[in-house]
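Enquirer: Checked TrEMBL, it gives:
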TRANSMEM  B:17-34  transmembrane segment
TRANSMEM  B:100-119  transmembrane segment
TRANSMEM  B:178-200  transmembrane segment
TRANSMEM  B:207-224  transmembrane segment
TRANSMEM  B:270-292  transmembrane segment
TRANSMEM  B:304-326  transmembrane segment
TRANSMEM  B:332-354  transmembrane segment
TRANSMEM  B:361-377  transmembrane segment
TRANSMEM  B:413-436  transmembrane segment
TRANSMEM  B:442-468  transmembrane segment
Amino acid sequence: MLLPRQTRLVLFLLSNLFFIPITFSLVEEQEQFTEELLLKPLPDRKVLSHFHFQSRAPPTASYGHHHRLFPKAIYQLVHKYRIREMELSFTQGRWNYERWGGFDPISSNNAKPPGVELWAVFDVPEHQVDAYWKNLTHTLSGLFCASINFLESSTTYAAPEWGFQPFTGSLRYGTLPREAVCTENLTPWLKLLPCRDKAGLSALLDRPSIYKGFYHSQQLHLISAEFKSGELDSGIILEQTLTVVLQPGAKRTGLAYFQPSWSMSSIFGRQITGKCVLAKSSNVFLQIDRDAVSELKDMWKEMSVNSDKMSKSLWSNPYFELSRAPDRIKEASSINSDSASILYEFFIQKCSKSESFDLGLTWKSSFVWSCPKAPLHATRFLMGSGNERGSIAISLRTTELNRRLMDADISEETCKLRVDIFQMVPWYVKVYYHTLLVFVDEKPQALTDVIERMHVSPSEDKVSPGLMELALKLPCGLNSAALTVEFSKGFLHIDEYPPDANQGFDIPSAVISFPRFNTRLHFPKDDSERSPVLSYTEVLLVPLTTPDFSMPYNVITITCTVFALYFGSLLNVLRRRVGEEERILKEKAANKKTGWISILLSKLFAKLRGRPSESPKSPASSSSLVSLKLLLKVVLVASVAVGWQIEFLELCGFERIDGEKFLDLPIEKVDMAALVSAGSEL
Amino acid sequence: TMSDPEILNKKNKKLDFWIWGIASIIFRIILIYFPKNLNLSSRPEVSTPLTNLRRLAEGYWLKQSSISPYAGSMYHGSPLLLSMLGPLTVKKIEGQPNNLLCSLIFVNADFVAALLIRATGHYLQTAYDRSLELLGISTPLGRSEALPSGEIAALVYLWNPLTIVTCLGSSTAPIENLVVILTLCGACAGLAPLAAFGWVMATHFSLYPVILIIPVVLLLGFGPDAPPRKLFIQKKFGKVGMDLSSDKSLKHKEVTTLRVSPMHFSWVNIFHFLFWACLWSIYVLLLCGISLKDYGGLSEMFRRTYGFILCVEDLSPNIGVLWYFFAEVFEFFRGFFLIVFHVNILFMILPLAIRLNHRPCFLAFVYVAISSMLKSYPSVGDAALYLGLLGLFVNELAGKLDILTNAGDMHFSFFLFCGYVGVFLLSPVMHNLWIWRGTGNANFYFATAITYACFQIILVVESVSAMLNHDRFLRKLSTTTTTTAGIS
């Protein structure tokens, strides 16, 4: 991938300095497990802790099916559903891109939309992908005690073409924004670790303290090369991460505007008592943005001159102090050296049960700094009122990073900022894609100027969600850009509303990515693996109109009454023959003599109808006709009844004996018990 | 020969019609220039999922971006309308309201439809006068007093607020109405190719006019509306039995009776009609097939248009009753009720055709009214159509002819008028309360829909009843004239 020089921007040059990747090639044929914990103070007095557990299984071809460390459930999952890559995240809370940063790998890879997000790439023919996805959702649902099986319905997942990940055809993406996340999801996740939460870094995971945080995201990322043919087989890599943003307790160090000092025991309520013995490595990192302590810059320069990498002034200086001496200190550099950071590394191998590991950070003076942000800050909101229509707006505002970059590249005329937008909307939000408008610096733009590429797959009622993938090329010097698209709200069947229908329905987060900006993964071994800067927008809540849920019977009866009214009255009008009636009346008046049989029949007829006989002098002709008709009808009904009865009796087990006119029930078919009981009853 | 003042009077009347017609067009154009077309296009009473121009624009956009126009349940109309109106929806003229070109087309459609109604009225009027003459019925008030039903109907159509609202509301209903009226006009004029074209297009656009084949066949076979055929037979036999040595004029009349007699069914016309209908439908399907050949073809078109109409997939509120019914009814009854409601339309076809076979144009009005009442996505445009057609029978229904007995007078007409006005005033209020303010609920709006359905039922039933009464009255008149003639 050839990237323009100015955007080939790498924040962290960490991975190639670790021991693990160096040793990796030697132990490739071994299962291995590593655990890492990154702690990072955030500008708004909070602490980010990011747990990262990696299990690696060698390829089945060379290693076989039995594993010592690698979780069997995941291995079977990969093989049964032929998964090439999969990511499942459970998130609660919203990542604050403004304060906690949007450019570093943690925010790009671990800031996830609220609820459950699942995407998977399958290594199966395209027509089977949906079936595999459905089965996968059910399996994951059982594995993680979550309602992931709701993603089975074709209205909840989509097949992005290029806007989300560069896999075509075999990728499926679905989210459940309203899924609540709790310990019941964490426990099965921990069970996949070889030491569970009994030893090692995971022992820190005290449920009350991690769930009281501001943001909580638990992830499972799977990469498998099992089914790739003709490529270097690297087995299955399972990465489990848990990202928590916590507020350190009120352990104040004098002034209120100081950053709060904290230690592991104060934020988690626990300490590390030793590494997980099955883990290949077990490290704790502390990352401090160098922005935070500008003084450190000079120190770092000094140090690089002196090549004294373990200078004490780096971890115990007039600004802050660490409670333990780090085992290693590194600087993560980037092209614009302003936003680098310093990484302190601690090896857990050394500590033992008697001497538990507890890292603390004490601030000695106050600092204000900010985390690196994505080039554009994205927010999404709804416009309009009422329950009939509205529009979705995505607003992109420039951040300092972009401004700084732009200042650097102002010389280049054709500078374009590429932004990819991936948005999935449920079918009941009926988007009019032809109303898409793009504004740059609050001026409307012609779509062809701004949109480089567009893929729309419109929603289909009760079948599939709408999908919009946009590649925008915006001018570099922009201040803001906005996209609006109008929609009208659908009306659902009474059964399709959730129990709390008036709460509204969620539109899943849109994904905004900046493909030209790369952020390097924090922990991987492979140096070349980069991922674009990615951010999620807010989940939108759309209120939909509700019918009256208590009304079905009323509506059915009222509507049917109206139809009956229509049918009956129209037929009555058509049937009425005033002239005939007059004629009959006249005839009645004319011939008064009537036969006695007809009188009798008419009386009988009247009695049958339950009405008094109208008049004894009804005309003979019509009366006899009526009675004849009546007789015919009675005979017809009776014959039908008799016929049916005989058929019924035959069905009941009676048999018609050939040549005879009687029905016979064979003795073996008689239920003697029933007869005896009937007799006793009598 | 008419006296001069009478001719002048007639000319004045004609002038009046043109003045009023053009005034209605100007009125429409003024309203088009109101900001945002008064937001009529978003009213559920005006535009349905089938006729909404916005959905058409979306379909056109999808087609332009080489996706099937039916992808995504947005557009459910005809591909021909899409290629006709689609390019106009994207054309924006600086300083002019959106969709100006489409609106102008709809105004034109309304005007042409009114002219066609007027022509139909003339055909009906002449046929009616002739048959009365044949029967020897002299109206108590004389011919000149009878209202010019065609012009009345045309003006009713043009000035009906429902038509105006439909025309401004960016819905394709004016075009659908136009082809229905074209069918009737063609059939009244005895032009089988025109009638076939109108019928095929109307069926293609909105499916329900398919039942109009019965009135069209009757119209082409028997000619326009006339008193019951029995009367002619009675008259003929009465005359034959009465007197052989009648004067020459009567004999001459006899001959004309035989020639244009409503008893004589002209099969040639029917075959013509069927042939042309086949030709036109093949042509339309061919065009549709060409325009959709890259995306799903005709099977998708039928599924997305007729399937959408028959399965009531969209449950958004409208002035019909089916949307709420299907939003509330239990899923396992859905199929059953779909059949019941559609069969309800079909059930009445035969009885009505038998009873009103001598009045095919009125029969067509009744069919249109019934289908607009029971169709899955009704709008006020349908009401505009049948109210316009109702104007054609103003002489019969208003009891103008039988003013002495008042037998044919339609009952409840004032009540119906008030009801329609009330419903169309209340319906937006209820919709606003439910959708926009959230202070009302769906039942409010559904109540107006139910009331509207009831008023339509009363209208249909009463008009049929009035027409049958009128026939009875004619029969009475005819028998009295024959008997008097016999006595004399």
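Glycine residues also receive a Cβ, built from the backbone N, Cα and C atoms like all the rest.
Annotations in TrEMBL come from automatic prediction, not curation.
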Enquirer: For the transmembrane segment (B:304-326), name the stretch out of B:100-119, B:178-200, B:270-292, B:332-354, B:442-468 with the most CB-CB pairs under 8 Å.
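Expert: It is B:442-468, which has the most Cβ pairs under 8 Å.
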Enquirer: Restricting to CB pairs under 8 Å, which listed stretch, B:17-34, B:178-200, B:332-354, B:413-436, is in contact most with the transmembrane segment (B:270-292)?
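Expert: Comparing B:17-34, B:178-200, B:332-354, B:413-436 against the transmembrane segment (B:270-292), the winner is B:178-200.
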Enquirer: Please check if the transmembrane segment (B:100-119) comes into contact with the transmembrane segment (B:332-354), where contact means 3 or more CB pairs closer than 8 Å and the residues in each pair are separated by 6 or more positions.
Expert: no
Enquirer: Mind checking which residues reach the transmembrane segment (B:332-354)? Cβ under 8 Å, same chain, six or more beyond either end.
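Expert: Here the qualifying positions are 208, 211, 214-215, 218, 310-312, 322, 325-326, 363, 366-367, 370-371, 374-375, 464.
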